[in-house]
Amino acid sequence: MITQALLNSSIKRDCVSCSTGKVLVLLMIGGLAYLMLMHTNSVYTSDGVKNGIARNEERGLIEGGAGKFGRFWRRPPRLPPRLSPDENLINDSSRFNPENLHREPKWVTRQQNVKQAFIHAWSGYKHHAMGYDELMPLSQRGVNGLGGLGATVVDALDTAMIMGADEIVLQAGTWIEKHLSERINEKGQVNLFETTIRVLGGLLSAYHLSGGEQGMDNMKFKGPKPIVYLETAKNLADRLLSAFTSSPTSIPFSDVILHDYSAHPAPDGLSSTSEVSTLQLEFNYLSTISGDPKYGTEAMKVLEHLRTLPKVEGLVPIYISPHSGEFSGENIRLGSRGDSYYEYLIKVWLQQRASRDGTVKYLYEMYEEAMKGVRHLLVRKSIPKGLVFVGELPSGSEGAFNPKMDHLVCFLPGTLALGATKGISKKEAMEENLLTFEDLENLKLAEDLAKTCFEMYSVTSTGLAPEIAYFHVEGFSDGGHDGGNKSSEYVNDIIIKPADRHNLLRPETVESLFVLYRITEDPKYRDWGWQIFEAFEKYTRVDSGGYSSLDDVTVLPPQRRDKMETFFLGETLKYLYLLFGDNNVIPLDKFVFNTEAHPFPIN
């Protein structure tokens, strides 16, 4: 513009005819261009990144020869493609989350479908059974079978927190603040194990997730302050401790009378091995957040004692006497009364390994020995299609093998995978060379067993698993007792006896699918989980609210059983929701789930 003005001005008329005027005009234009160039480069000198850009521009002057003026003649540079907001999130290294790569719209939608199922289950409970332990959805009333502590309220609370179901969090939290301490003070007999995993575990998880002492700052909810959950948990645990202190050995009694701080053994005098060894995550975490070591100290005495007892290749009988401290009988199985003993060996080790200076190493050694025993003594393949399953030894290692597998055993694939990688992905563990040969064996067994657990669903007419399945092996067959789905590839491998055909809305299979998806990142586990969820929706949903257990999964339409277990909200729907969501929500290397799916932070 200045040049044009000069050329059109009187200067042009007066000076353009003389050589001196021409030189002055050229000098003026060159000087202006030089000033513009130097000003542009100097803008970047205040910042290291900007200095780098300036140096690149200076290098361009040298390489381009013509400097800034050369750019007028060059083709504009090719700009990188613009990224979507999701892609920008992935490329922000401070917020990188590999799971965002898997957040296809269908999984976002499916996760929301699970949340809506949870809201429907809660609405039935709230309208017809609020304050009772469980809902009878067909009768539209409540029932107390777990001591009358409102078990569904506490079991469902952290699921609502994880899902962001704020109104349910408020309703459940308000009920706990107003009623639960009074119930604890006044109620009579409760089972130590069930009360610990459901009520104590639920309170402790809610304390953490609501922003307690070691809580998550990004998860704040309406309702009581975290200290309410902690104080209620301490009140309950102080009474539950009587099961430990009343026993003459390190093995606690099975039943507690809450209102008078007393305890007694079961009528037969025995405790379940799984029950006495599935209390430690909860009591340890309570000691951590309360600062009082008495809870964890009493609970850990059980595992320290079990360490000293004789075992069969790491496997243990399903009963133990609190009077003698010895195992009772020879029945070995990973189903009811045996299951979570093996689960807590690895989980308590994961929880405590950083905080007890290696003193819990024996738990990992017990776990490793037990898994070797499982592979050697309990794992078989069915015929004709070769499904891998875990059977039982009702009379010990010297007795006959029973090809029976409870649905409860389907916790094992997830536990095996967790024990192999310690919660990180298989890919990361392989890259870091962290997996031993035994870890790889256990991971392979986990995947094989997860397939079997899924086929226990798909082999039935309803697509839902029975409580117990048997497997066709050499010398054992029961023709005519199949699952009803004649198109299943495994219809001749899986046997379902009439007494075992009920479904209680159990979580163990979807729990293992969740863990295996997190660890292997194989999308088939999500697909299997979705098929199971669809079957629950189709056959167990009750229009007036809630979901119902079934009497027989092999016939259509199935007869409903009129009961919604607390673990359907506390575990089954929680694991399905997490299966379809982001890996950074309750990551497995930062949290450990108790056997009722209540997550506690790893120390």
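Placement of Cβ uses the backbone N, Cα and C atoms for every residue, glycine included.
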- prompt: Of the listed cysteines Cys18, Cys410, which one does TrEMBL record as disulfide-linked to Cys453?
  reply: Cys410
- prompt: Are there residues of the same chain, six or more positions away from Glu194 (active site, proton donor), whose CB falls under 8 angstroms from its CB, and which are they?
  reply: Leu146, Gly147, Ala151
Residue with minimal Cβ packing [other Cβ atoms within 10 Å] among the active-site residues Asp339, Glu467, Glu508: Glu467
Field: Intrachain C-beta neighbours of Cys453 (disulfide bond), sequence separation six or more, cut-off 8 angstroms
entry: His407, Cys410, Pro413, Ala465, Glu508, Thr509, Ser512
- line: Rounded Cα distance in angstrom between Asp339 (active site) and Glu467 (active site, proton donor) is 14
- prompt: What's the CA-CA gap between Glu467 (active site, proton donor) and Thr595 (Ca(2+) binding site) in angstrom, rounded?
  reply: 18
Message: Using a 10 Å cut-off on CB atoms, tell me which of the recorded positions Cys410, Thr595 is the least crowded.
response: Thr595
